[in-house]
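*Asks:* I am attaching a structure below and will ask some questions about it afterwards.
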Amino acid sequence: MTIKSDKWIRRMAEQTGMIEPFEPGQVRQSNGQKIVSYGTSSYGYDIRCADEFKIFTNINSTIVDPKNFDENSFVDIKSDVCIIPPNSFALARTIEYFRIPRNVLTICLGKSTYARCGIIVNVTPFEPEWEGYVTLEFSNTTPLPAKIYAGEGCAQVLFFESDEVCETSYKDRGGKYQGQHGVTLPKT
């Protein structure tokens, strides 16, 4: 299994629609202002956060149960920024829609710009033949409110191509998050 380069990422995005919309270079400014970078990097793709957020709330004093998740545990926000309360959590989604090839697995890591501020981005791997918008998980590990910027970079996707095609892909087994649109809550 080998990590794929910027040339491969550009070719796959342009020829197969692996990433849409796609930025072939690295964007570091918008309207003359510095931003958290996004787009193609040497061996990965820096994804952007859309303007749809779900922020945890404790209004109902609900127990968080991944097998029986209460949607009322979140407050929905549509904004160019998201303020995550201290020691709290938010969900978002990517601007980019992904179509992962059958012989590829991705790993997604948070950007150091956020990590150095105590904001951890968690995303599980994109499995072979998974497609959809990526649901992003942001944890604010600090005792202070933390800000996330929509339309800017938040994590980097690394692409690994296998030496052998898998027998059963995510699509083959009817993965529960296949084709997701919007911020998707836990499913069992």
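Positions of Cβ are set from backbone N, Cα and C atoms, glycine also.
Sharing the features that Swiss-Prot gives for it:
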BINDING   K111, S112, T113, Y114, A115, R116, T135, L136, E137, Q156, Y170, Q180  dCTP binding site
ACT_SITE  E137  active site, proton donor/acceptor
*Asks:* Quick one: give me the count of other CB atoms within 10 A of the CB of E137 (dCTP binding site).
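*Replies:* Excluding its own Cβ, E137 (dCTP binding site) sees 15 Cβ atoms within 10 Å.
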*Asks:* When DSSP states are folded down to helix, strand and coil, where does T113 (dCTP binding site) land?
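*Replies:* Note: T113 (dCTP binding site) is helical by DSSP.
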*Asks:* Within a 10 Å radius around the Cβ, which one of these binding-site residues has the most neighbouring Cβ atoms: T113, T135?
*Replies:* T135
*Asks:* Taking DSSP three-state, what's T135 (dCTP binding site) in: helix, strand or coil?
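*Replies:* Where T135 (dCTP binding site) sits, the three-state DSSP reduction gives strand.
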*Asks:* Taking the Cβ of Y170 (dCTP binding site) as centre, how many other Cβ atoms lie within 10 Å?
*Replies:* 21
*Asks:* For A115 (dCTP binding site), what is the tally of other C-beta atoms lying within 10 angstroms of its C-beta?
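*Replies:* Taking all protein chains shown, A115 (dCTP binding site) has 13 Cβ neighbours within 10 Å.
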*Asks:* Sequence gap of 6 or more, C-beta under 8 Å: which same-chain residues meet both conditions with respect to K111 (dCTP binding site)?
*Replies:* V36, S37, D46, V121, G153, C154, A155, Q156
